[in-house]
Amino acid sequence: MSKVSGSNGGDSKNTLYCSFCGKSQHEVRKLIAGPTVFICDECVELCMDIIREENKSSMVKSRDGVPTPQDIIKVLDEYVIGQRQAKKILSVAVHNHYKRLAHASKNGEVELAKSNIMLVGPTGCGKTYLAQTLARIIDVPFTMADATTLTEAGYVGEDVENIILKLLQSADYNVERAQRGIVYIDEVDKISRKSDNPSITRDVSGEGVQQALLKIMEGTVASVPPQGGRKHPQQEFLQVDTTNILFICGGAFAGLDKIISARGEKTSIGFGATVKAQDDRRVGEVLRELEPEDLVKFGLIPEFIGRLPVLATLEDLDEDALIQILSEPKNALIKQYQRLFEMEDVELTFHEDALREIARKAIVRKTGARGLRSIMEKILLDTMFELPTLEGVREVVISEEVVRGSARPLYIYADRQEEKANASA
């Protein structure tokens, strides 16, 4: 039967060492004993990370040699909390995209159109993070572009061809690989038409960008300058066919929920008029009723929406979801800060009510999960400033009062822990 030795256990004359990293039992939290060997908790965690990475790389393939939607969503679940429907739509879309490419190479008679995706959801609900996570688990070139930096060709700003250049760079200038890649265009709501009425001035960063994106999203041979920047006649271009590139667009679309709610209202006047109560539903609930016509009213041109046939809406995050985001994912914020404190040989502990108060603050700020890090930084700033110069601190405890700003974090010193241990003995 294996025995487990704590980091404080054992006689000083018989110090035990990890058989893998060589650290002594006093340098680690736990040392697990087996037949003639020992392994520490740090090596166990390292082994678990290696196994997870191997499982990720050896995802079960379907008959077409493409990762199955179930396997894609399984990996997404490790990093992204909630948003089940959006994750399902993304995993199916990515699976179908590459199945379509495999099918096209086998049969030239039937041509399957690609289904680009539009992600709609409030700020901080995970749109960008979903796309970033997809990039890590899908072995194809991937790039992210910010729609706010794009302008119509001939004006100051980035050309839409620069998006393809970034994809080409992520593929190490392998044109064949780049032509099977994924492009995520963020902040696409910021290129909406500035006005419903035609104007005598050109809208070079709004409707003009939408028009410029149409061809590369549908499929065209783009001439990409290998060094980037503006084109000039003496420059050689790389030809990239965008027909098989999957485009995912995302945006917060602030105010879109009001357009959707107004569509369902019936206006009437007079004594018999129906008085409709104010829509008290959360933004995410209203967005479930999204129709393409709502995006047209918001300011996207019909041709642009037509290139994005798959609409996926994301929920705004409630208190419980934010608490899960803080503590549960593989790279959760709490785990990141605990790792930072471990570098100072200090254990960082959060009370449950402290996590709940952090989530409440993020909801009040209306920044979703994006606001969690700034709240954590503010809470831990003084502690991280003082800790490197303090001696003997073994644990820092964060309570609800600390999050509210009415108390300071509790510092627990090593000598007090020893006193408690002696008293209990």
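A Cβ is built for glycine as well, from the same backbone N, Cα and C atoms used for every other residue.
Copied from Swiss-Prot, the annotated features are:
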- Cys18, Cys21, Cys40, Cys43: Zn(2+) binding site (BINDING)
- Pro122, Thr123, Gly124, Cys125, Gly126, Lys127, Thr128, Tyr129: ATP binding site (BINDING)
- 6-59: domain 'ClpX-type ZB' (DOMAIN)
Seminar exercise, completed: Counting every protein chain shown, other Cβ atoms within 10 Å of the Cβ of Thr128 (ATP binding site) number 16
Exercise. What other residues of the same chain, not counting Pro122, Thr123, Gly124, Cys125, Gly126, Lys127, Thr128, Tyr129, have a CB atom within 8 A of the CB centroid of the ATP site?
Worked result: Gly121, Ala252, Leu314, Gly368, Ala369, Arg370
Exercise. By a simple count, how many Cβ atoms lie within 10 Å of the Cβ of Gly126 (ATP binding site), its own Cβ left out?
Worked result: 27
Seminar exercise, completed: Taking only the CA atoms, the spacing between Thr128 (ATP binding site) and Cys43 (Zn(2+) binding site), expressed in whole angstrom, is 33
Seminar exercise, completed: Here the binding-site residues are Cys18, Cys21, Cys40, Cys43, and the Cα closest to that of Lys127 (ATP binding site) is found at Cys43
Seminar exercise, completed: Cβ neighbour count within 10 Å, max among the binding-site residues Cys18, Cys21, Cys125, goes to Cys125
Exercise. When you average the Cβ positions of Cys18, Cys21, Cys40, Cys43 for the Zn(2+) site, which other residues in that chain have a Cβ within 8 Å of that mean position?
Worked result: Ser19, Phe20, Gly22, Lys23, Val28, Leu31, Phe38, Ile39, Asp41, Glu42, Val44
Problem set entry | Confidence summary (mean pLDDT) of the domain 'ClpX-type ZB' (6-59) | 78
For this session: Name, in the order they occur in the sequence, the residues of the same chain whose CB lies under 8 A from the CB of Cys40 (Zn(2+) binding site) and which sit 6 or more residues away.
Result: Cys18, Phe20, Cys21, Lys23, Gln25, Val28, Arg29, Lys30, Leu31, Ile32
Problem set entry | Number of other Cβ atoms within 10 Å of the Cβ of Lys127 (ATP binding site) across all protein chains | 26
Problem set entry | Rounded Cα separation (Å) that holds between Cys125 (ATP binding site) and Cys43 (Zn(2+) binding site) | 35
Problem set entry | Same chain, 6+ residues apart, C-beta under 8 Å of the C-beta of Cys43 (Zn(2+) binding site), given in sequence order | Cys18, Phe20, Cys21
Problem set entry | Tertiary neighbours of Tyr129 (ATP binding site) (same chain, Cβ under 8 Å, six or more apart) | Tyr79, Val80, Ala369
Exercise. Which number gives the other C-beta atoms within 10 angstroms of the C-beta of Pro122 (ATP binding site), all protein chains shown included?
Worked result: 23
